[in-house]
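Below: one structure, written as structure tokens.
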Amino acid sequence: MKTQNELKEIVARKALEFVQPQQVLGVGSGSTVKIFISLLPELPFKVEYAVAASKESEANLKAVGVQVLDANEVTTLGVYIDGADEVTPEGYMTKGGGAALTREKIVASLSENFICIVDKSKKVSQLGTQFALPVEVIPMAREAVSRELRKLGGNPVYRENCITDNGNIILDVHDFVIEDPIAMEQIINNIPGVVSNGIFARNKANQVLVAE
Ligand code: 5RP
């Protein structure tokens, strides 16, 4: 049986097939994406430019010789490669285990082709069953947002020692099974003080690659 790391490498390698020469590449964050970045030098062409969804991915891209552009410098990205914390059969995802959800949503929204790369442990029948839902929140709204999330039926827990790349905090919403991902993504986004939440349903991946 393959280890989780071996599965991550298999799916990261598969994602190389979606990278085209002379396109600006969009890159998410997390350990599967880290492996994907480390494999980029194996491509028969050089990836010149990328937009990264986290400072960590930015550093990893630079380490393999890719120039990292600001999202404001591009209008579209050929492909965006990112991992996920949970994926349903419909392709809805939760993300944000690494606290990069907001930048991931921004970079994903710029791309024409969003490819999600996961190992089989991320497959769920319903979002919220395996992983608490991360919500990025403006620090002064922490308690107000927590109260609203409780009203929605969740149990928000402040993520200790975590400041996002945008200077905000994360609330992880436990005990929160998400029956209607499209509706709940919008409902949580509408709470004052929420920057974004980790449900990726309104802009889900074009393709989910799963290493079994
Ligand atoms: C970070 C993310 C990651 O894509 C997600 O947490 C999956 O990470 P990993 O590949 O390490 O399992 O959303 O905010």
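Numbers run from 1 along the shown chain.
Heads up, the Cβ atoms here are built off N, Cα and C, so glycines get one too.
No curator has checked TrEMBL annotations; they are predicted automatically.
Database features, via TrEMBL:
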- Ser29, Gly30, Ser31, Thr32, Asp82, Gly83, Ala84, Asp85, Lys95, Gly96, Gly97, Gly98, Lys122: substrate binding site (BINDING)
- Glu104: active site, proton acceptor (ACT_SITE)
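Less than 8 angstroms from the CB of Lys95 (substrate binding site) sit Gly28, Asp82, Gly83, Ala84, Asp85, Leu101, Glu104, Pro134, Gly198, Phe200, each of them six or more residues away in the same chain.
Under 6 Å, Cβ to nearest atom of ligand 1: this is the test, and of the binding-site residues Ser29, Lys95, Lys122 it is passed by Ser29, Lys95.
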